[in-house]
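A.B. asks: One structure is given below, represented as structure tokens, and several questions about it will come after.
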């Protein structure tokens, strides 16, 4: 009688995500697919409850066949008795062979309903490495077809980047939605702030502010050291200029090489600001001027810089010079000069919120995200590199389109451009966008500010750009193949998802909580002449109480840290399974720690610390 062959034993480890309601009561079975064959379906079941959140559980599969290299695992999710289906957040599957080799199959997503779900072994591979394997080639093809069906493009507004064809976050796959913790935290923050403002009777008050000090009544309990500093120094010219280096809008200043023809400032106008020892022409020639121009709102200005001072000294509130477009100077009356600065800050808000923030981060990253999901399978090294930096971006962008940006939405009611104006401004911004504007070293050079001192956004941003560039696990391969352009492109995407967004998002409440520093609308047109300006005119021009508080509410919500945050360099989901990429990530984390220490040490010497690009404060992805 022939001896019965000994069974081949595979150890199976199943990790369930540590999410609220991440476990399942459904029956889970597994099939192993190898180079020599495929097993039948084995139910993964032990005594007691299986697949609990945050748990890694081990099972044993016995088969009479030798499978060879394990290529795929098939998970079968099926009903458990008469119980309704429960969603399951699967982190990964590990298969240990009889020879002691362990193969990891990353998942990191929710499995809904009763599907048969295939996972591929986690080694990063490009398409040509699968060319001789029909099974893996087909798996790659079907995965992309399914994702192209799920993630469809649509046009939201003419001239805008394309976005996901989804009208509600409820239409997103559960893996793309906020976690329960993040969603609850988001709602609690919003309701808490709304309640405070309603209790104070401010949210529905349509009249003008009676005095600037009344603004302190809003958000009494929600202050930050920086917002307090801003409320005390907002009217100082030096601090006004400082904000264009290290405030909420650090990327719009540029060096002035000549005085624009449509900005007819003269030496006589600015002699008191410059002093008798120099002239406007000399300042331009000796490369000491930084010019700034906000095209979309028609506001021009000049900024003088030296090692310790940054200050504007002239403004024109339209782009058409003439008797009805005066140039405002620090030597004008107190309220005329203040009103000119209010107009500049109002224009800056539009450029910051609609271009630097919305367009250059949220909208562009959604394009990168959709292209990655639609064109790169999960096994592709670029997909593995980028996917942690797209976490929750679809959710927040859809919330933005349905609540903030829509006609009659929050921004339509709160900013002076209205919905039509903001739509045109974003479209115009996209038409003028260049690739170099998204690459920090090139952008700083093109704007002529790469050697500007005390520019902490520049200093911290360049360190982080360099660290991100070096963290690509395939960097050496890119360089060997002379693909430095691809390396720069991937660096730009990760930088945009994390560092650029942190620089324009996290500072909003700090610099906008004091409304006069960040007015969202102006209720009167720009003055066409000088003389006779009063404080009452100022209050009638600035936003009313309700509009101010609504804007405060948005800025507070968008600037606060919510639950479930993942800082730059923190990758709890191991999409890369090879040791090489893991070592690169560990080196990246050490570099970030060093940069953080340098920023903390520098900030100790500053009257107003710049902490927005401190790595622990920078989130991996655009999630708010």
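Note that Cβ sites are derived from N, Cα and C of the backbone, with glycine treated the same way.
Caution: TrEMBL annotation is automatic and unverified by curators.
Pasting the relevant annotations from TrEMBL:
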- 8-125: domain 'PLAT' (DOMAIN)
- 23, 45: Ca(2+) binding site (BINDING)
- 110: site 'Essential for stabilizing binding to COTL1' (SITE)
- 126-624: domain 'Lipoxygenase' (DOMAIN)
- 357, 362, 501, 624: Fe cation binding site (BINDING)
A.B. asks: Express the predicted model's confidence over the domain 'Lipoxygenase' (126-624) as a mean pLDDT, rounded to an integer.
C.D. replies: 86
A.B. asks: Say you check the Cα of residue 23 (Ca(2+) binding site) against those of the recorded positions 110, 357, 362, 501, 624; which is nearest?
C.D. replies: 110
A.B. asks: Spatially speaking, which of the recorded positions 110, 357, 362, 501, 624 is closest to residue 45 (Ca(2+) binding site)? Use C-alpha to C-alpha, please.
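C.D. replies: Nearest by Cα distance to residue 45 (Ca(2+) binding site): 110.
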A.B. asks: Could you tell me which of these binding-site residues, 357, 362, 501, has the greatest number of Cβ atoms within 10 Å of its own Cβ?
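C.D. replies: Of 357, 362, 501, the one with the most crowded Cβ is 501.
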A.B. asks: Roughly how many Å lie between the Cα atoms of residue 624 (Fe cation binding site) and residue 110 (site 'Essential for stabilizing binding to COTL1'), rounded to a whole value?
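C.D. replies: Rounded to the nearest whole number, the Cα-Cα distance is 21 Å.
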A.B. asks: Provide, as an integer number of angstrom, the distance between the C-alpha atoms of residue 362 (Fe cation binding site) and residue 110 (site 'Essential for stabilizing binding to COTL1').
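C.D. replies: Just about 24 Å between their Cα atoms.
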A.B. asks: Which one of the recorded positions (23, 45, 110, 624) has its C-beta surrounded by the most other C-beta atoms within 10 angstroms?
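C.D. replies: When each Cβ's neighbours within 10 Å are tallied, 624 leads.
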A.B. asks: Within the domain 'PLAT' (8-125), how many residues are helix, strand or coil going by DSSP?
C.D. replies: 0 helix, 62 strand, 56 coil
A.B. asks: For the C-alpha pair, I'd like the distance in angstrom between residue 501 (Fe cation binding site) and residue 110 (site 'Essential for stabilizing binding to COTL1'), rounded off.
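C.D. replies: If we compare the Cα positions of residue 501 (Fe cation binding site) and residue 110 (site 'Essential for stabilizing binding to COTL1'), the gap is 27 Å.
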A.B. asks: Do you know offhand how many angstrom separate residue 110 (site 'Essential for stabilizing binding to COTL1') and residue 357 (Fe cation binding site) by C-alpha?
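C.D. replies: Spelling it out, the Cα of residue 110 (site 'Essential for stabilizing binding to COTL1') and the Cα of residue 357 (Fe cation binding site) are 30 Å apart.
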A.B. asks: Using DSSP, would you call residue 362 (Fe cation binding site) helix, strand or coil?
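C.D. replies: It is helical.
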A.B. asks: Compute the centroid of the Cβ atoms of 357, 362, 501, 624, then list the same-chain residues not in that set whose Cβ lies within 8 Å of it, in sequence order, for the Fe cation site.
C.D. replies: 358, 361, 396, 504, 505, 558, 622
